[in-house]
Amino acid sequence: MLQKSYTRNYLNIYLFQTLSIVLGFVSLFVVIPYLSGNKEIYGIYSICISVTVFFSYADLGFLSAGTKYAAECYTRNEEQNELKYLGFSHFILFICMLLFSVLFILVGFNPEWLVKGLDSMEKYKTAQRLFFILAVFAPTTVLQRLPQMILSIRVKQHLYQQIQIVGNLIKIASVFYFFTGGRYNIVGYFFMLQLITLLCSLITCVKIKRVFHYDFKGFWTYFRFSKAVFQNTYVLALSSLVVTVCWVLYYELDSMAIGKILGAEEVAVYAIGFTILNFFRSLLGVLFSPFNTRFNHFYGLGNIEELKHFYRNIILMTFPLIVFPILALTYATKPFILSWVGSSYESSVQITQWLILCNILAFVAYPAGILLYALEKIKVMYWVNIISVILFWLGIALTINRWGTESFAIFKFLTFLLSGVIYIKISSNFLQKSLVQFMKEIILPYLPALFLLCIVLFFSHAFFMEEKSWFALFVNIGIIIINMGIVMIFSVLMIPQLKSYLLKLKHEF
């Protein structure tokens, strides 16, 4: 049954996801220093982690298309049709993951296909075992994605997040077992990560059954190929597949390309910045994930004017949540990295700054991408992503001999910047405003706050610490948080729309 208001759902999602974010920070600052202790083994591990990202794209576009149509069916109380779309799309995912599993087995026997410089038996065996673990757990991705999709359609992701929090605590605690007392058991740690993730998903399925009385039996009945569902979804799935392939080509292949061309040690240098980029990506996914389903709800019911109002508010409210932290961390990148992983990773500083800045326009790029998918604007999605791929790899090909690993970071930033500018134009057109009006309503109100941020960062520079220690790391993080807090409070006081929206949220909660 569709709710009248989803504000409480959003707040619940953000509440529990905030806890997950805190744990993510803890995991980032506790786990990475242990893992990065062996630079070359950490580089091999980073390549394997980058490979797992492909699990998110293994459905050939049918999972995202199926979820979109399932959400529309949910708004119309068409339970059986919802099951048909989810069953079919997860079946496609399962077949694809079986193929991935076979591929990982082959790579496990020949790890040099993906990793350059395996010049010792320890490195070779480590790479083999990590890829074999991926092969075993690849098919279980279906059991991980299913509860996420069911809860996403209902804007109830916080139920999944509650269980994930417990799982993340266990993952963090396990670091002290696998990497202390002279131990460096990265293979055992990786296996444990996969196992805990699977167990959390299974427990979530049990909770869904208890809370929603979900018809899992009906789901497994439709867990098969359906010609009718295929015909309804293949056009959107194809567009999603093209977008996904393009995204993989200019986002996910960095570590593997660097590992093959420049070696595992350069992967480790790049991995520091890429880890932070992926962390921001996770935060942005959390921030915008509830709105994804609501876009489909509005479109499914034909409420385009409400969608426009909703869309404008999202852009306006997420601007400070995205731009301020990115600028603050970019300014403090050097002391942050040196206090986190030490001076041996000083060459990661500029790379990390470029990668952090990639999401500077995410406040408009993320909702615009969701909007295009909800409205099924297929051709626009094609061109934005195809142009991004060409710019990224052409730029790297022309500059890698001069800039080395940094060329990947520079052209990733330029690719994101170009797509962000295109999305600004798309957003202004959808809202039926000129670019000048759009900038005046969305960007201009925050200029005083941006100026204030520059001032507080300048005067706080002397307080940053650059030696590697927990104390220095926490001091640096504290300075960044305090600076952002000052600017956020200033923004709330100075921008009426932001203040009124926060008061509305407080009232509804």
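The backbone N, Cα and C atoms fix where each Cβ goes, glycine too.
What TrEMBL says about a protein is an automatic prediction, not a curated fact.
Positions annotated as transmembrane segment by TrEMBL: 12-35 (among others).
Annotation source TrEMBL lists transmembrane segment at 85-109 (among others).
The feature transmembrane segment is assigned by TrEMBL to 159-180 (among others). Residues 13, 16-17, 19-20, 23-24, 26-27, 30-31, 34-35, 37, 147-148, 151, 186, 188-189, 192-193, 196-197, 199-200, 203-204, 207-208, 211 of the same chain lie 6+ residues outside the transmembrane segment (159-180) yet bring a C-beta within less than 8 angstroms of a C-beta in it.
As annotated by TrEMBL, transmembrane segment applies to 186-208 (among others).
Annotated transmembrane segment per TrEMBL: 229-250 (among others), in sequence order. Sequence-remote contacts of a segment are chain residues at least 6 beyond its ends whose Cβ falls under 8 Å from one of its Cβ atoms, and for the transmembrane segment (229-250) they are 54, 57, 60-62, 64-66, 68-69, 84-85, 88-89, 373, 376, 378, 381-382, 385-386, 388-389, 391-393, 412, 415.
With a threshold of 8 Å between CB atoms, the same-chain residues lying at least 6 positions outside the transmembrane segment (270-289) that come near it are 13-14, 17, 20-21, 24, 28, 32, 36, 42-43, 46, 50, 152, 157, 254-255, 258, 314, 318, 321-322, 326, 329, 337, 341, 345, 348, 351-356, 358-359, 362, 366-367, 370, 405, 408-409. Residues or ranges marked as transmembrane segment by TrEMBL: 270-289 (among others).
Summarising the annotation, TrEMBL assigns transmembrane segment to 310-331 (among others).
Taken from TrEMBL, the feature transmembrane segment applies to 351-375 (among others).
If one looks beyond the transmembrane segment (382-403) by at least 6 residues along the same chain, the residues whose Cβ comes under 8 Å of a Cβ in the stretch are 239, 242-243, 246-247, 249-250, 261, 410-412, 414-415, 418-419, 422-423. The transmembrane segment annotation in TrEMBL covers 382-403 (among others).
What TrEMBL lists as transmembrane segment is 409-431 (among others).
Residues or ranges marked as transmembrane segment in TrEMBL: 443-464 (among others).
The transmembrane segment annotation in TrEMBL covers 470-495 (among others).
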Stretch among 85-109, 310-331, 351-375 sharing the most Cβ pairs under 8 Å with the transmembrane segment (443-464):
310-331
Tally Cβ pairs under 8 Å between the transmembrane segment (351-375) and each listed stretch (85-109, 186-208, 310-331, 409-431, 470-495), then give the stretch with the top tally.
409-431
